[in-house]
Amino acid sequence: MEKSASSCSLVLLEDTKKTSFLHPNGACGYPPAASNGSLVPLTGAGTGSGACAGPEKKAPPAVVPYQERETWTRQMDFMMSCVGFAVGLGNVWRFPYLCYKNGGGVFLIPYMLIVFVGGIPVFFLEIALGQFMKAGSINVWNIAPLFKGLGYASMVIVFFSNTYYIMVLAWAFYYLIKSFNSTLPWSTCDNEWNTPNCIEIFRHQDCINGSLANDTINGNMTCAELANARSPIIEFWE
């Protein structure tokens, strides 16, 4: 009997430690516990407000709902965004010049080879890494802190590139405005910036292919005099 009673009292003691109790007189605390067959009276008076000051319980942490990331409406939207990101002034302005300077159509063979072997794979690697890390070109290198300097280096390159690309964009904008004139300013020699050597009909190539240096061109100029002539197009941009 003593063994069973002692085990029951231990269970009762453990239960009383977990449950707060409100007495009829308003005292707060734990209910009386049994010890060796007798009741242990409650010690400590309550506030009489009817609220128990039991052990403080921490509120469970708030669960942040998962927010789904936005997706492209269709695959073509993603492709056009990539094209808009990749194609810029360097493609429109520099590529035709470099292609002409390095052999014309033959230049396209090594160019396309490098584009498909190196350009496109690295391009999609940047996109995938940026979407995975959800960060810019600097913080994305937190995945490999040893190479974080590459992010800062890319920002420096972009900064110095913008210093002269903005000037070229200003030229293009100025050209666009002037192209709305009824008489194009680079088609005549009647402008204030034209020099006395400006001629509208520029036939310097005919003089180069001629057999005599003093062949008459247009009836009033020789090839020797035409060597110093300037096109109104060149003078417009200068």
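Glycine is treated like the rest: Cβ placed from N, Cα and C.
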Among Cys189, Cys207, cysteine joined to Cys198 by disulfide in TrEMBL: Cys189
Additional residues around Na(+), ordered along the sequence, whose Cβ is within 8 Å of the centroid of Gly84, Ala86, Val87, Asn91: Val83, Phe85, Gly88
Site of maximum Cβ density within 10 Å, from recorded positions Ala86, Val87, Cys189: Cys189
Site with most surrounding Cβ atoms, counting all protein chains shown within 10 Å, from the recorded positions Gly84, Asn91, Cys198: Cys198
